[in-house]
Amino acid sequence: MAALQEKKSCSQRMEEFQRYCWNPDTGQMLGRTLSRWVWISLYYVAFYVVMSGIFALCIYVLMRTIDPYTPDYQDQLKSPGVTLRPDVYGEKGLDISYNVSDSTTWAGLAHTLHRFLAGYSPAAQEGSINCTSEKYFFQESFLAPNHTKFSCKFTADMLQNCSGRPDPTFGFAEGKPCFIIKMNRIVKFLPGNSTAPRVDCAFLDQPRDGPPLQVEYFPANGTYSLHYFPYYGKKAQPHYSNPLVAAKLLNVPRNRDVVIVCKILAEHVSFDNPHDPYEGKVEFKLKIQK
């Protein structure tokens, strides 16, 4: 018992550790001979090669089952969201206020529209084609260059008086501002059976002492042509541009906060979702001072 309980000195422990690292009598290093180290290394190399191969095969099979032309993440909403340009947000949503006689208050709004419509210049639309059918543009095959599908052109000049060319101020200087309404994209979404979706803007609460909101729409009737639908995704249609509708508000009361709602009227577009205020419509507060 005394021998078992005898404590080893530091030099003895160092000597044992050195013999464990390299034992000249047996030719072992760290408890194994060189040949055993070679065999165990080959075993682990083969093991991890096989495991990596199985993992790569699983990833390959998984990727083969995924359609590259279908987005990985899609919203559960059946109707597209609607956005507004210019978009100035306040504490409770879109809030736009400016003074007709002070250009510094609306110059930024006009600049926002110019910058947004730069993507709708003829040069930016060179990869798209002219469409005039006014019917759904179904494409089963990839006939466009680079195994893609064709996209229909939409240029800023289609917005006519709200394109920024005849009036670079977009009507802000005269108190008849232009606002651009855009529907978000949904892959393979069809807004209706045969009728083009239409934008309708009105006061949310009609002022008692004034007429209904008068709006001039561009393109005519405020419609999104059907040949821009369906959308097949960014990979299939890399040159696709959302169609736009511009609403020129003609009789907004001065020096008063008004709330305007622009709805998309179409058979397959709903705008009464209490949980999403931008589904199928967009609301914004507007105040024009003079």
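Note that the numbers count up from 1, one per residue, in the order the chain is shown.
Every residue gets a Cβ built from N, Cα and C, even glycine.
C162 is paired in Swiss-Prot with C178, the candidate among C131, C178 named as its disulfide partner. Of the listed residues C131, C262, C262 is the one Swiss-Prot pairs with C201, by disulfide bond.
Here the disulfide-bonded residues are C131, C152, C178, C201, C262, and the one whose Cβ sees the fewest other Cβ atoms within 10 Å is C131. The CA atom of C162 (disulfide bond) is located 14 Å away from the CA atom of N221 (N-linked glycosylation site).
Annotation note: C162 (disulfide bond) sits in a helical segment as assigned by DSSP. Of all the glycosylation sites listed here (N99, N146, N161, N193), the one with the fewest other CB atoms within 10 A of its own CB is N146.
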